Amino acid sequence: MSRPRRRGRDIHGVLLLDKPQGMSSNDVLQKVKRIYNANRAGHTGALDPLATGMLPICLGEATKFSQYLLDSDKRYRVIARLGQRTDTSDADGQIVQERPVTFSAEQLASALETFRGDIEQIPSMYSALKYQGRKLYEYARQGIEVPREARPITVYELLFIRHEGNELELEVHCSKGTYIRTIIDDLGEKLGCGAHVTYLRRLTVSKYPVDRMVTLEHLQTLVAQAEQQGVPAAQLLDPLLMPMDSPASDYPVVNLPLTSSVYFKNGNPVRTTGAPLKGLVRVTEGEDDKFIGMGEIDDEGRVAPRRLVVEYPA
């Protein structure tokens with residue numbers, strides 16, 4: 001007879017984890033889920049095992065709104081090894097080509113300029129994008145290359161930090177769907193020497209504050225402190241969470257009176273004053289502006305529910 005499945009806590013919010021190097025995003029996610037004893041958890045855009053930095057982890061009802069973070073812009077610091085190209089475009093891969101590094105400062109500046117603004121990027125075979133139902137990296141590991149279409153991305157800012165010997169350091173502020181490994185690989189080809197990523201750190205996601213990032217070690221320390229103090233771990237862990245609607249913080253807010261919000265929460269579009277003419281909105285209710293979900297302005301100017309918060313008993 002199987003044991004009943006243990007139910008986790010109904011905890012809702014977003015943890016800004018400083019992902020350590022060498023772990024997959026999913027491994028980190030599962031550790032955080034266990035530490036918080038959360039019944040649901042999901043991350044908002046994977047980081048490669050080699051990469052470190054900001055990985056927002058959504059707990060509970062916040063998972064419903066993680067898509068809005070996937071769509072947000074991000075900022076990275078990257079160090080590239082020049083003169084070597086690898087099959088994965090990073091240091092975890094096998095070197096497939098070595099060439100001398102002979103470009104000038106002017107050639108580097110000219111090459112960097114071609115990656116700024118609206119550009120198209122062909123994703124790496126070592127990515128989680130899917131082709132005919134399978135992830136690209138699954139084909140790549142079998143030595144199979146499949147066709148990939150170029151995708152539009154925007155590089156808002158590409159800052160040159162330093163070039164010393166065979167190392168090049170850059171900072172990149174980019175749109176969703178941008179592969180930093182691919183930018184480095186393409187840059188290496190444009191410079192005629194090849195390149196791959198040796199260090200990658202995600203500095204920011206959307207407008208989340210950098211000083212709210214926490215490490216796995218810090219979470220584990222808090223759990224140990226709670227045990228020593230004889231208090232629930234949640235008492236020390238939960239204050240670290242950002243609000244559950246923070247993934248959608250870029251969207252305008254529409255506040256509904258309680259007389260209207262009851263219909264909205266039952267799945268019905270409602271009319272209200274002060275709403276924008278179109279687009280997605282964060283919806284709150286009452287004088288305390290309690291977040292109740294995401295809505296969208298329909299053709300009649302009403303706020304139609306798109307994703308609703310399930311209200312759990314206190």
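Quick reminder: no glycine exception, Cβ is built from N, Cα and C everywhere.
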Same-site substrate binder from Tyr76, Tyr131, Tyr137, Tyr139, given that Swiss-Prot records His43, Tyr179, Leu200:
Tyr76
Among residues His43, Tyr76, Tyr179, Leu200 annotated as binding substrate, what is the maximum Cα-Cα distance? Answer in Å.
18
Return the residues near His43 (substrate binding site), defined as same-chain residues 6+ apart in sequence whose C-beta is under 8 angstroms from its C-beta, sorted by sequence, else 'none'.
Ser25, Asn26, Val28, Leu29, Leu55, Pro56, Ile57, Cys58, Ser66
Close in space, distant in sequence - Tyr76 (substrate binding site), Cβ under 8 Å, 6 or more apart:
Gly53, Glu171, Val172, Cys174, Ile180, Leu200, Arg201, Arg202, Leu203
Counting only residues 6+ away in sequence within the same chain, which have a CB under 8 Å from the CB of Asp48 (active site, nucleophile)?
Asp90, Asp92, Arg181, Leu200
